[in-house]
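Undergrad: Dumping what TrEMBL says about this protein:
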type    : residues               : note
BINDING : H60, E61, H93, E94     : Fe cation 1 binding site
BINDING : H210, E211, H243, E244 : Fe cation 2 binding site
Amino acid sequence: MSSGQGLVNKVPRVREVLNDPEKSLAERFRALFTLRNIGGPEAVQAIGECFSDSSALLKHELAYCLGQMQDKTAIPILVGVLEDKSENPMVRHEAGEALGAIGCSSVLDLLEEYSKDPQLEIAQTCQLAIERIKGSNEKPNNTNSKYLSVDPAPAESMNDIEKLTETLLNDKENLYKRYKAMFALRNINSEESIIALCQGLKKGSALFRHEIAFVLGQMQEASSVPYLVESLADENENEMVRHECAEALGSIATEDCVEVLRKYLNDKSRVVRESCLVALDIADYEESNDFQYANTALKSRLRI
């Protein structure tokens, strides 16, 4: 039996964990990342079955993983999620982004339809996905990047931090261009670029701010912690942004981060509460350097 077939044979067992609401959220997230890493149609189907769950956070992560897998068999599942107007906007947004990550032109008409959605996060996500698919021949400036995630936009090709910062923080600039600047600043990964990104937590739409938080989590730099904590603590901030700040703090995993995350385990928002639970699990991994966790989650919320 090949090693690949051996992994596929594990799908039914891992599917059971993912779809079991009696399991802890941390266990279910690990099962999800395991399925993502196994890949293939059976893993896609197993992930798709979980969209009936009540946790918006988990469903959002299901969509994220399907996008990162870039498997076209996931398209019908993601289309169904995007079209479900009763679904949490955070989940629908992630389905739209995942369709952009897969990059198939067959969904352009659908994305065009939802680029006018009254929910701004969904409309902007679909606009970005359209530009990503149409610009799929663009060469991002990330050849030597340690970040292997499939991003909503390629990194801008220049490395002029001042100009990139100007683009990033300009609320009148095209969102796709701002995202390109964002990923370029992430790849530069200097103290100056980190400060620029942190300023972005107070700019633009909720979608933009949540992506800033995600990027800061990938970078795992302690200098961003005060900015992330401030946004997490703001109960008036969109829960999508607060959730991403929590998971970023889990990725950075300093003692201060852990203390803050524990403080918000009883937050009014279920998404925030659950994000803190997952973030603490990530922080435990970061602290322990548990190799097995690296095998199953493959640092999904960190660098890939």
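Even glycines carry a Cβ here, placed using N, Cα and C.
Automated prediction, rather than curation, is the source of TrEMBL annotations.
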Undergrad: At the Cα level, what's the spacing in Å between H210 (Fe cation 2 binding site) and H60 (Fe cation 1 binding site), rounded?
TA: 13
Undergrad: Whole-number Å distance between the CA of E244 (Fe cation 2 binding site) and the CA of E61 (Fe cation 1 binding site)?
TA: 11
Undergrad: Given the Fe cation 1 site residues H60, E61, H93, E94, which other residues of that chain have a Cβ within 8 Å of the mean position of their Cβ atoms, reported in sequence order?
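TA: My list of surrounding residues reads A56, K59, L62, A63, Y64, M90, V91, A95, E97.
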Undergrad: Give the number of CB atoms, excluding that of H210 (Fe cation 2 binding site) itself, located within 10 Å of its CB.
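TA: Excluding its own Cβ, H210 (Fe cation 2 binding site) sees 24 Cβ atoms within 10 Å.
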Undergrad: Whole-number answer please: how many Å between the C-alpha atoms of E211 (Fe cation 2 binding site) and H93 (Fe cation 1 binding site)?
TA: 12
Undergrad: I want the residues beyond H210, E211, H243, E244 whose C-beta is within 8 angstroms of the mean position of the Fe cation 2 site's C-beta atoms, in chain order.
TA: R209, I212, A213, F214, M240, V241, C245, E247
Undergrad: CB neighbours of H93 (Fe cation 1 binding site) within 10 A?
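TA: I count 29 other Cβ atoms within 10 Å of it.
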Undergrad: Quiz question: given the binding-site residues H60, H243, which has the greatest number of C-beta atoms lying within 10 angstroms of its own C-beta?
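TA: The largest 10 Å Cβ neighbour count belongs to H243.
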Undergrad: Return only the integer: C-alpha distance in Å from H93 (Fe cation 1 binding site) to H243 (Fe cation 2 binding site).
TA: 14
Undergrad: Distance check, please: Cα of E61 (Fe cation 1 binding site) against Cα of H243 (Fe cation 2 binding site), rounded to an integer number of angstrom.
TA: 12
Undergrad: If you count Cβ atoms within 10 Å of the Cβ of E94 (Fe cation 1 binding site), leaving out that atom itself, what do you get?
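TA: Taking all protein chains shown, E94 (Fe cation 1 binding site) has 29 Cβ neighbours within 10 Å.
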Undergrad: What is the interatomic distance between the Cα atoms of E94 (Fe cation 1 binding site) and H243 (Fe cation 2 binding site), given in whole Å?
TA: 13
Undergrad: Can you tell me the three-state DSSP label for H243 (Fe cation 2 binding site)?
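TA: Assignment for H243 (Fe cation 2 binding site) reads helix.
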